[in-house]
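Just below is one structure, and these are the notes that go with it.
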Amino acid sequence: MRILGIDPGLARVGYGVIDIQDGCQRMLDCGIIQTNSDRSDGDRMVEIAGDLRQLIRIWRPELAAVEKFFFYRSSNTINVVQARGVVVMTLARFKIPMVEFPPMQIKLAVAGFGHAEKDEVLEAVMRELSLEEPPRPDDAADALAVALTAWLQR
C-alpha cells in the first residue's frame, strides 16, 4: 500500500510518501510545497494544487492522510483552512480516499504518547522507516508521521 501524508499550510505544505509491502514500511519521498508570500493567496493555492497533482501522478498513492487541525484564534487560521480545502479538493479529483488525524492521535500512534514532543515523534518516524538521517524540514517529517499513522491505525 502506498500512502501520501500531508501537513497542510499556505506557506508550506509538508508531504511524505511511504510504501508498505509485506508489513515493512519505507519512505519513498518527502519534502515541502513552498509558496511565495509575495503572491496572492489565490496564486499560492493554485501552486499547491499543481504541485500536489504532480506528486499524485508520480507516486500514485492509494490513500492520503491529512493532519486535522483544531484551531485557536489566530490570524493564520483562515489561510490553513483554505490550503486544506485545496488539498481535499485535489485528492477528491484523483479519487484518492482520505483519512484525517488530529495531532494528539498522530503522536500517540507514532511515538506511543499523545503529548510527545516533536523530537520524540521525529525519532519514532526515523525508527519506523529505518531512516539514518532525520527528514527535513519539519513539515516533511510531520507529513511522514501522518502517513505512518494511517498505516498504524488501519
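Using N, Cα and C of the backbone, Cβ positions are placed for all residues, glycine too.
It should be emphasised that the depicted structure is a prediction, and the values quoted were computed from it without experimental measurement.
Around the Cβ of Asp7 (active site), the number of neighbouring Cβ atoms within 10 Å comes to 27. Feature annotation from Swiss-Prot assigns active site to Asp7 (among others).
Under the heading Mg(2+) 1 binding site, Swiss-Prot lists Asp7, Asp139, citing sequence analysis as support.
Taken from Swiss-Prot, the feature active site applies to Glu67 (among others), supported by sequence analysis. A C-beta separation below 8 Å, combined with a sequence spacing of at least six in one chain, links Glu67 (active site) to Ile6, Asp7, Pro8, Glu100, Phe101, Pro102, Pro103, Ile106, Asp142, Ala143, Val146.
The annotation Mg(2+) 2 binding site is assigned in Swiss-Prot to Glu67. According to DSSP, Glu67 (active site) is assigned to a strand segment.
The active site feature in Swiss-Prot is assigned to Asp139 (among others). Classification of Asp139 (Mg(2+) 1 binding site) by DSSP places it within a helix. Within 10 Å of the C-beta atom of Asp139 (Mg(2+) 1 binding site) sit 24 other C-beta atoms, taking all shown protein chains into account.
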